[in-house]
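This report refers to the structure that appears directly beneath it.
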Amino acid sequence: MFQTLYSYFWWERLWLPANLTWADLEDRDGRVYAKASDLYITLPLAFLFLVVRHLFETYVATPLAGLLNVKEKVRLKASPNPVLEKFYATTSKHPKQADVELLSKKSGCTVRQVERWFRRRRNQDRPSLLKKFREASWRFTFYLLAFIAGMAVIVDKPWFYDLRKVWEGYPIQSILPSQYWYYMIELSFYWSLLFSIASDVKRKDFKEQIIHHVATIILISFSWFANYVRAGTLIMALHDSSDYLLESAKMFNYAGWRNTCNNIFIVFAAVFIVTRLVILPFWIMHCTVVYPLDLYPAFFGYYFFNFMMVVLQSLHIFWAYLIIRMAQKFITGKVVEDERSDREETDNSEEEEEAAKNGPLSNGHPVLNNNHRKTD
């Protein structure tokens, strides 16, 4: 049964154009072709990335945080309270007003004390500034090096300047060592991101991040064994071109360098919109959707690859919407924060009293607080 499923999965008509078989992509005459078995190395490399990341965050990012004077905000801890802790752990971290009143009676605390306890308890679970800085430093370093490496791999290739050459001779296109390692390192890195996503700083677009990582892994893997390698290298380099800018903006934000952060964010927003909303759909996707049909009839692999590209493009539109919202607030001089971030709640009794008199409350704390950040 397993052998039957294996045969159906690797049926040539699914992944290759008509009249071509996997035998046509076997190494011969000194020419090396991409093979699915090459991807096995990415899993151990992914775990190696996790080890390297730990060492980098410990011995590079942490000292760098000290040099940039990244300071932790003093957080008031919630006092031990078994009744409130049980509700927090098993029911909800954001109790409704009726729950607050009931918990007040059970715990012997006032309503205000219960509200304050939940604010402090939620703040305890939020990731520290140092953790955020270390993660951003790691991603910045990888994306910057990956972008430089990607450009080195493709900038001297004819298909970088003429997208029709992406499909010249397809799929009988041999693989260069530089393409091999670029693919393996990129795929390994995204595997490592997927493995660590549960322990990384969790943002409001957590589900979208998972979808992005899975779609990216599928796209890279498929483009490798179906020999969409030329298109794949262009797509990966295009994505890396803006990611390191965002991570560097986060780093400077955590360090309190607001002007530097704001300036980098403006550059990032411009590069992101041009690369993800203009170049990717109107050049790269046009290349993967239109040009192949000049050479061979559409097949399942063609539809599958472009469907995954549409998934990625949909995520880009979603993130571009958040970026534009942030940019509008920045341009109009309003306080700006990362739309994806989970803001830390204030815990100032005087502020609470003032808000109770003059403004609406959300779960016992002011709807707007003074802890907004430009990016997270």
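The backbone N, Cα and C atoms fix where each Cβ goes, glycine too.
The DNA-binding region annotation in TrEMBL covers 69-129.
What TrEMBL records for 344-354 is compositional bias 'Acidic residues'.
If you take every residue in the domain 'Homeobox' (67-128) and average the pLDDT, you get 84. Taken from TrEMBL, the feature domain 'Homeobox' applies to 67-128.
For 131-332, the entry in TrEMBL reads domain 'TLC'.
The feature region 'Disordered' is assigned by TrEMBL to 337-376.
For the transmembrane segment (39-56), the list of distant contacts is 137-138, 141, 184-185, 187-189, 191-192, 195-196, 221, 224-225: same-chain residues at least six beyond its ends, Cβ to Cβ under 8 Å. The annotation transmembrane segment is assigned in TrEMBL to 39-56 (among others).
The transmembrane segment annotation in TrEMBL covers 140-160 (among others).
Counting same-chain residues at least six beyond the ends of the transmembrane segment (210-228), those with a Cβ under 8 angstroms from any Cβ of the stretch are 15-16, 25, 33-36, 38-39, 170-171, 173, 183, 186-187, 190-191, 193-194, 197, 235-236, 288, 301, 304-305, 308-309, 311-312, 315. Per TrEMBL, transmembrane segment is recorded for 210-228 (among others).
The annotation transmembrane segment is assigned in TrEMBL to 264-284 (among others).
Positions annotated as transmembrane segment by TrEMBL: 304-324 (among others).
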Same chain, outside the transmembrane segment (140-160) by at least 6, Cβ under 8 Å from its Cβ: which residues?
56, 60, 166, 168, 176, 178-179, 182, 185-186, 189, 230, 233-234, 236-237, 240-241, 243-244, 247-248, 250-251
